[in-house]
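Asker: According to Swiss-Prot, the disulfide bond annotation covers CYS67-CYS292, CYS79-CYS91, CYS112-CYS154, CYS296-CYS320, CYS488-CYS492. The N-linked glycosylation site annotation in Swiss-Prot covers ASN23, ASN37, ASN53, ASN78, ASN180, ASN300, ASN498. What Swiss-Prot records for CYS554, CYS561, CYS564 is S-palmitoyl cysteine, and it gives sequence analysis as the kind of evidence. Under the heading signal peptide, Swiss-Prot lists 1-16, citing sequence analysis as support. Residues or ranges marked as topological domain 'Extracellular' by Swiss-Prot on the basis of sequence analysis: 17-529. The topological domain 'Cytoplasmic' annotation in Swiss-Prot covers 551-565 and rests on sequence analysis. Per Swiss-Prot, transmembrane segment is recorded for 530-550, and the stated evidence type is sequence analysis.
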Amino acid sequence: MKTTIILILLTHWVYSQNPISGNNTATLCLGHHAVANGTLVKTITDDQIEVTNATELVQSTSIGKICNNPYRVLDGRNCTLIDAMLGDPHCDAFQYEKWDLFIERSSAFSNCYPYDIPDYASLRSIVASSGTLEFTAEGFTWTGVTQNGESGSCRRGSADSFFSRLNWLTKSGDSYPTLNVTMPNNNNFDKLYIWGIHHPSTNDEQTKLYVQESGRVTVSTKRSQQTIIPNIGSRPWVRGQAGRISIYWTIVKPGDVLMINSNGNLVAPRGYFKMRTEKSSIMRSDAPIDTCVSECITPNGSIPNDKPFQNVNKVTYGKCPKYIKQNTLKLATGMRNVPEKQIRGIFGAIAGFIENGWEGMVDGWYGFRYQNSEGTGQAGDLKSTQAAIDQINGKLNRVIERTNEKFHQIEKEFSEVEGRIQDLEKYVEDTKIDLWSYNAELLVALENQHTIDLTDAEMNKLFEKTRRQLRENAEDMGGGCFKIYHKCDNACIGSIRNGTYDHYIYRDEALNNRFQIKGVELKSGYKDWILWISFAISCFLICVVLLGFIMWACQKGNIRCNICI
C-alpha cells in the first residue's frame with residue numbers, strides 16, 4: 001500500500017512540478033516579418049510561392065496619349081509622309097519639317113493625281129529615318145517639252161496644280177524629243193531623287209500628251225539602272241482620273257551621276273532630298289499628342305519605361321521595355337511569407353520562424369520576441385534587415401538594364417509581291433518574341449529564387465549568431481526559440497540583440513539552473529513507464545478492495561452465494 005501511494009505521488013509530481021521559475025529563466029524566439037495576404041510569385045522550383053512583397057515587371061497599359069518630350073513628335077494630321085514628301089497641295093505645310101517621330105493618322109488621305117509606289121515601304125522607311133523633308137531644287141534642263149503639267153484632280157487653292165516636288169513633262173507643239181539629262185553629285189552626302197512615269201488611260205490620251213504611241217523612261221547611275229515602260233489602259237476612277245502615275249526613287253552617292261533618258265511619259269524630279277543617317281522613325285497611331293514627358297512611345301500612346309517588360313504593343317520608339325507575351329511577371333522584393341497563426345503552441349505568443357512569420361513588425365524584417373520576468377516584448381534586428389534589403393534593392397534596376405531597348409522597333413511593311421519575305425519576317429519576329437518571353441520568365445524565376453534563398457539565409461545567419469552568443473546558457477527548443485537558463489531582463493535581451501551579450505557573466509547561474517532542472521526532469525520514456533505501472537497497481541488495488549468487500553459481506557450474511565452442480 002505504501003508503494004502505491006509513493007508511485008501515485010511521484011506521478012503527480014512529474015506533471016505538476018514546474019522546474020523553471022519565471023524569475024530565473026527566459027524564452028527568446030527569433031522570427032521574420034509576415035503579412036496577412038502575400039503575393040504569389042514564380043521561382044525555379046515552385047510555380048506559386050507566397051512572398052511578403054513583389055513588384056510588377058510588365059507594363060500592360062499606356063497613358064493614352066503620345067508625349068512630345070523628350071522627342072520631337074510631328075503630327076501628320078491629314079497627310080501621309082509620302083504625300084508630304086511629294087508635295088501634295090494639302091500637305092504644303094510640311095515642307096522642310098523635321099522630326100524624331102512622324103505620326104501618321106488613319107484619317108490621312110491623298111488629294112492629288114492618283115499614284116502608286118512599287119516599293120512604298122522602303123521609300124517611306126528611308127524618308128522617315130532621315131527625319132526631315134529638306135529639299136534642294138536643281139536646274140534640270142528639259143529642252144523641247146512643256147514643263148509644269150497640271151491636273152484638275154490636284155488643286156492648289158482654286159487652280160489646277162500638281163505635286164510640288166515633281167515636274168510633269170508633256171509634248172511641246174507636236175513633238176516630244178528624246179531627253180538626255182545628267183546631274184552629278186559633287187557633294188559629300190547621298191541625294192534622294194523622286195521621279196515617275198505616267199500611265200495614260202487610253203491610246204488617244206497617250207498620243208495627245210506625248211505624241212509617241214509608247215514612251216519610255218530610263219534612270220541610271222553607276223550602280224543601278226531602271227527602265228520603265230508605261231502601261232496604257234483604263235483603271236478605276238480616282239478623283240476624276242482613270243490614269244495613274246508610278247513613283248520611283250534613286251539614291252545618288254557622292255561622286256556618282258544621275259542620268260535620265262526618256263522619249264515620253266516622264267514625271268521628272270525638280271531636285272533632291274538630302275539623305276541623313278538619323279534615328280528618326282514613323283508610326284501609325286490615332287493617339288492624341290500632348291505636352292508630357294515619356295521616353296517610350298507606342299501606337300497606343302506613351303508608356304513609362306520604369307519596368308523591364310511591356311505587352312502594350314510590339315511597335316515602339318525610344319527607350320522602351322522589351323515586348324513579351326505575358327500579361328504579368330512579378331519580381332519578389334520581400335521574403336517568403338508564412339502568415340502568423342492565430343493559435344500557437346505551448347509558448348503562446350512566443351513562437352519562432354520555423355513555425356510561422358510575425359505580422360505587425362514595423363522596425364525590421366527580422367527580429368526577436370521574448371518572455372522574461374519583466375513580461376513580453378518584441379524588437380527588430382536592423383543589421384540583418386539592411387543586409388537583405390541591400391541585396392534586393394538593385395534587382396529591379398539590373399533587370400531593366402538588361403532588357404530595355406535603346407532603339408526603336410519599326411513597323412514592318414511589304415508589298416504583295418514580297419509576301420514570302422513578309423511571312424519569313426513575321427516568323428522571325430514571332431520567334432524573337434517567344435524567345436524573349438521565355439527568357440523573361442526564366443530570368444524573373446531565377447531572381448525570385450535568389451531573393452527567397454538570401455532572405456532565408458539571413459534568418460538562419462541571425463539564428464546561428466544568437467546561438468553562438470548564448471552557448472551553454474540556453475537550450476535550442478526547436479522552432480526558432482531558445483530557453484535561457486538564467487535570469488535575463490530586458491537589458492540582457494538587448495545585449496543579445498546588439499551582439500554584446502557575455503555568456504561568461506551568466507554561465508554559473510545558467511549551469512546551476514540547468515542541473516537543478518535536469519536533475520528532477522524525467523524523460524518522456526520514464527514518464528510512460530510510471531504511468532503504466534501506476535495504472536496497473538491502481539487496478540490491482542481496486543480488485544483487492546472489491547474482493548475484500550465481497551468476503552466481508554459473505555461472512556456477515558449480507559451476501560449469499562449459491563453454487564449449483
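Just so you know, glycine gets a Cβ as well, placed from its N, Cα and C.
What you are looking at is a predicted structure, and each value in this text was computed from that prediction instead of being measured.
Buried or exposed, and what's around them? Tell me for each listed feature.
Answerer: Spatially close to CYS67 (disulfide bond) yet at least six residues away along the chain are VAL73, ILE289, ASP290, THR291, CYS292, VAL293, SER294, ILE297, SER302, judged by Cβ distances under 8 angstroms.
Secondary structure at CYS91 (disulfide bond), as computed by DSSP, is helix. Around CYS91 (disulfide bond), a 10 Å sphere centred on its CB holds 27 further CB atoms from the protein chains shown.
If you draw a 10 Å sphere around the CB of CYS112 (disulfide bond), it holds 25 other CB atoms from the protein chains shown.
There are 27 other Cβ atoms within 10 Å of the Cβ belonging to CYS320 (disulfide bond).
The DSSP secondary structure for CYS492 (disulfide bond) is helix.
Reduced to three states, the DSSP call for ASN37 (N-linked glycosylation site) is coil. There are 8 other Cβ atoms within 10 Å of the Cβ belonging to ASN37 (N-linked glycosylation site).
All protein chains shown were included, and the count of other CB atoms within 10 Å of the CB of ASN53 (N-linked glycosylation site) stands at 17.
In sequence order, HIS90, CYS91, ARG105, SER107, ALA108, PHE109 make up the list of same-chain residues 6 or more apart from ASN78 (N-linked glycosylation site) whose Cβ falls under 8 Å from its Cβ.
In sequence order, MET259, ILE260, ASN261 make up the list of same-chain residues 6 or more apart from ASN180 (N-linked glycosylation site) whose Cβ falls under 8 Å from its Cβ.
All chains included, 18 other C-beta atoms sit within 10 angstroms of the C-beta of ASN300 (N-linked glycosylation site). DSSP assigns ASN300 (N-linked glycosylation site) to coil in the three-state reduction, outside any helix or strand.
Sequence-distant neighbours of ASN498 (N-linked glycosylation site): no residue of the same chain at least 6 apart has a C-beta under 8 Å from its C-beta. In the three-state DSSP scheme, ASN498 (N-linked glycosylation site) falls into the helix class.
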Asker: List only the single closest residue to CYS554 (S-palmitoyl cysteine), chosen from the recorded positions ASN37, ASN53, CYS154, CYS320 by CA-CA distance.
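Answerer: Nearest listed residue in space: ASN37.
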Asker: Provide, as an integer number of angstrom, the distance between the C-alpha atoms of CYS320 (disulfide bond) and CYS488 (disulfide bond).
Answerer: 58
Asker: Counting other Cβ atoms within 10 Å of each Cβ, which of the disulfide-bonded residues CYS79, CYS296, CYS488, CYS492 scores lowest?
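Answerer: Least crowded of the disulfide-bonded residues CYS79, CYS296, CYS488, CYS492, by Cβ count within 10 Å, is CYS492.
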Asker: Using CYS296 (disulfide bond) as the reference point, find which of the recorded positions ASN37, ASN53, CYS79, CYS488 has the shortest Cα-to-Cα distance to it.
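Answerer: Going through ASN37, ASN53, CYS79, CYS488 one by one, the closest to CYS296 (disulfide bond) is CYS79.
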Asker: Any idea what DSSP makes of ASN180 (N-linked glycosylation site), helix, strand or coil?
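Answerer: Its secondary structure by DSSP: strand.
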Asker: I need the CA-to-CA distance for CYS488 (disulfide bond) versus CYS112 (disulfide bond), whole Å please.
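Answerer: Cα-Cα, rounded: 94 Å.
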Asker: Which residues of the same chain, at least 6 positions away in sequence, have a Cβ lying under 8 Å from the Cβ of CYS154 (disulfide bond)?
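Answerer: Long-range Cβ contacts: ASP88, PRO89, ASN111, CYS112, TYR113, ASP160, SER161, PHE162, PHE163, ARG239.
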